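Report on one structure; see the data block that follows.
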Amino acid sequence: MTQSDISLHKRLTIALVAHDRRKVDMVEWATYNAEMLSKHKIICTGTTGGLIKDAFDKKGIDADITCVNSGPMGGDAEIAALVAQKKINLAVFLIDDLNAQPHEADIQMLLRQCRIHNVPIACNRYSADLMITSSLWDNEEYQPKEPKYVYFHREEQQ
Ligand SMILES: O=C(CO)COP(=O)(O)O
């Protein structure tokens, strides 16, 4: 079975973001999943989106890709705002964990908003593959549980 055999019925809005030294991985991942991604709405930070568009053009794949600003210029913040507005279903964020970024605050904002708003976020390709092929997207009975921010009282568990 190939990735393109696993097609979701639900149309998702997927955010794709990668730091410079993770862009090779992102373009490879997106190209591998190009047919599947072309069925969804894609939102990218500027440079990541431009590279994915070029890769899809080379494969003759037409996809709905919107680019916001480049990450250091506010792109992560724009995507975080879309997450807070419940406009993103899934995010793939390939972070350069080996080098400091000038916009670390915005990176943390995007990660935090995904956690708060219960948006699945994959930070490596394996997670991205698992998330994008999950049958839960099309399961009408499945209701994601929102995160609870409460104290754990041991005595109540007995
Ligand atoms: O910096 C980024 C994510 O934090 C990515 O931005 P670009 O896709 O514009 O390089």
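Each Cβ is built from the backbone N, Cα and C atoms, and glycine gets one as well.
Together with HIS19, LYS23, THR45, GLY46, THR47, THR48, SER70, GLY71, TrEMBL lists one candidate of HIS9, HIS103 for binding substrate, that being HIS103. Other Cβ atoms within 10 Å of the Cβ of HIS103 (substrate binding site) number 17 in total over all chains.
DSSP classifies SER70 (substrate binding site) as coil under the three-state reduction. Secondary structure at HIS103 (substrate binding site), taken from DSSP and collapsed to helix, strand or coil, is coil. Here the binding-site residues are THR45, THR47, SER70, and the one ringed by the most other CB atoms within 10 angstroms is THR45. A sphere of 10 angstroms centred on the C-beta of HIS19 (substrate binding site) encloses 22 other C-beta atoms.
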